[in-house]
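> Please read through the structure below; I'll follow up with questions.
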Amino acid sequence: MDRAVSQVALENDEREAKNTWRLIFRIAILLLTVVTLATSVASLVYSMGASTPSDLVGIPTRISRAEEKITSALGSNQDVVDRIYKQVALESPLALLNTETTIMNAITSLSYQINGAANNSGWGAPIHDPDFIGGIGKELIVDDASDVTSFYPSAFQEHHNFIPAPTTGSGCIRIPSFDMSATHYCYTHNIISSGCRDHSHSYQYLALGVLRTSATGRIFFSTLRSINLDDTQNRKSCSVSATPLGCDMLCSKVTETEEEDYNSAVPTLMVHGRLGFDGQYHEKDLDVTTLFEDWVANYPGVGGGSFIDSRVWFSVYGGLKPNSPSDTVQEEKYVIYKRYNDTCPDEQDYQIRMAKSSYKPGRFGGKRIQQAILSIKVSTSLGEDPVLTVPPNTVTLMGAEGRILTVGTSHFLYQRGSSYFSPALLYPMTVSNKTATLHSPYTFNAFTRPGSIPCQASARCPNSCVTGVYTDPYPLIFYRNHTLRGVFGTMLDGEQARLNPASAVFDSTSRSRITRVSSSSTKAAYTTSTCFKVVKTNKTYCLSIAEISNTLFGEFRIVPLLVEILKNDGVREARSG
């Protein structure tokens, strides 16, 4: 019994001893853990300088500043990336394309000469200075958003005058014609020694040149070849065009007054000539008895022609033989164009009757005055394969002087406002199979011409007239889809008299601030305008060749007026220069 009790007591003592050692072990482990943790914290604070709560207050600010620095750096890098992309993906290919176009134009000119042995003098095809590569015959201002009339001309700039002037009081220099290609320009005018009203004899000045920039950056027109066609041939109403073989020119040959010519029974003689790069001039008479079989009078449009699809295209106009096939097909055809926000109050039937009569003015014996387009193949043989297109009078007004223009991939016909419609007209033109098709025109309501009553500048109703003056517009501003938005030109800002020449930029309804040649009483006549860009500086310029009154030496002096196109948002019309 006692043994059993002793055994139980021994087991209890052993169990208590084990529990005691377990407690001591646990306490020791806990203390060791606390010491280790404290040591670790102390080491961390010592070795890493751990922040206290007060130190953490400025951390968000520092993080924000760091973010700004990183964002700024990334933004700067993005600007660099954007500039690189613009240069590599957009500007460089465009510059290369423009350079390629100009080189190909020059090569084309050379190939024409080489293949046809057209130039035996050793003179090569000329070309403008590199600063103009890609800036001629292009859509110069492409802008979908800006107000067209926020673009305006500067004051006229001094530059080298490449146009000869009269040298006597009775001398008459008139009817300028100008065209410029990617490689060279062509210019011509008519010279009469005994006053502007003499129709019996005149001679023609014809010149070929290139655009240059001087050492100081000034633009000048450099004449390389010129000729005075002073012979027994009386060339009139000449139009010129820059082609790969030089300067092609279309003229009529006349010895009678315009009224007498329209009253004759045979077409007017016409000649296709060319001033080559070697300075030699050659010409050939066209077979007008076949080409103008249905015509009694036929004249070039005075304005420049255009080289399109290996052919040179000229505007022509004249009188049709009554009851001829060409005359009969136009019978009962007419078109009425309306002024912007200024409707004709006449009855519609009366308007139609007057519109039909406008094609047969009494001045020319009631002949139908018709618009047409003549294209000739450009080769070493002059007058080759001429094709005449006569557009329907459901599109064109009474025939008048005109100009063919090419800007970018678009072609246009300007028609002088000789009939009742005063605002400037530009007909879009498409070409195919040697013929042309005209479409409904762009009209520029503020770009008017003076005229005799009832066809004065403010006229709004159809009437029979032969009036107006040649003042062509040049396509300047386009939408990105290549639709025309605005033009540049020098108008005569008078109601009836040929007075007050003024340059401006025009949209369909209004005009920009203007640059006047002189006072509002300044007499003037024909103007023809062409725009181009100096690619190096990205500056756009426009040249207006204008007939300005010159009382001391001759009745007129032809002056090349040069302006830069500037931009000023919100500015409408003001005086400049």
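Cβ coordinates come from backbone N, Cα and C, glycine included.
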> What does Swiss-Prot give as the disulfide partner of CYS186, choosing from CYS172, CYS196, CYS238, CYS247?
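Between CYS186 and the options CYS172, CYS196, CYS238, CYS247, Swiss-Prot records the bond with CYS247.
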> Using C-alpha atoms only, work out the spacing between CYS455 (disulfide bond) and ASN433 (N-linked glycosylation site) and round it to an integer in Å.
37
> May I ask for the distance between CYS542 (disulfide bond) and CYS251 (disulfide bond), taken between their Cα atoms and rounded to an integer number of Å?
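Distance (Cα to Cα, whole Å): 26 Å.
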> Including all protein chains shown, what's the count of other C-beta atoms within 10 A of the C-beta of CYS531 (disulfide bond)?
26
> By DSSP, how many residues in the region 'Important for interaction with fusion/F protein' (124-152) are helix, how many strand, and how many coil?
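Split by secondary structure, the region 'Important for interaction with fusion/F protein' (124-152) comes out as 6 helix, 5 strand, 18 coil.
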> Closest of the recorded positions to CYS172 (disulfide bond), Cα to Cα, picking from ASN341, CYS344, CYS465?
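That would be CYS465, nearest by Cα distance.
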